[in-house]
């Protein structure tokens, strides 16, 4: 009999199990998502999580198939795409928190839910009617079916890990850009980038915050080169002319007179 069950394709008759009547099994699964806009789906998802988050976390932490089966049958409202979506987000967040082992466990529960949902779509039945059948099938230890499940689980875990890395990289880039924007000088230049572009002799002046050394160094440089670098220093906020204003000579052919910067301050290099 077991051999026959393994080779018989799943259909409404073969997945019928105690606890579900033929009336329930033959009832097509509701496809409300097709009628909802993205905004409506998001609103429904938030409401679902608010009402069921404690149960969702409890399901995600279960380890035994029998416990998962019993839990879903006791809380049939969880057998839906919102649960699968919640578990996916939870997996990614766990990866971001560097909790890989827990993420992999929740991923297993997520794939179980996705298998149940996929089965219901194939059979065009309510997903709640597929809970018992799925767990019976996965526990039969059919090598081919179990291998397929394990492959999908591994692929899903890899996708979760990749997505978490992408989110982390995006967050870091966003943070770096925010920090860069925050430190932009009055002329819209980044003091860190300007500092790195300076000749070594000027870098040393700013590192030591030595105004006299800076004035002497500028005096020894070609006028146009000194004007170019000092104008960029002013625009980046790396150099603050007397009184916080640009020296008047900046407006005259880009020339800079070191003598006018006696009370200026050199901004410390941003590490």
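Positions of Cβ are set from backbone N, Cα and C atoms, glycine also.
According to TrEMBL, the domain 'Cdc37 Hsp90 binding' annotation covers 16-179.
The region 'Disordered' annotation in TrEMBL covers 22-41 (among others).
Residues or ranges marked as compositional bias 'Basic and acidic residues' by TrEMBL: 32-41.
Model confidence over the coiled coil (154-185) stands at 88, taken as the mean pLDDT rounded to a whole number. Positions annotated as coiled coil by TrEMBL: 154-185.
The domain 'Cdc37 C-terminal' feature in TrEMBL is assigned to 183-268.
For 239-271 (among others), the entry in TrEMBL reads region 'Disordered'.
Long-range contacts of the coiled coil (154-185) within the same chain: residues 88, 91-92, 95-96, 100, 103-104, 107, 110-111, 191-192, 194, 234-238, 270, each at least 6 residues beyond the stretch ends and with a Cβ under 8 Å from a Cβ of the stretch.
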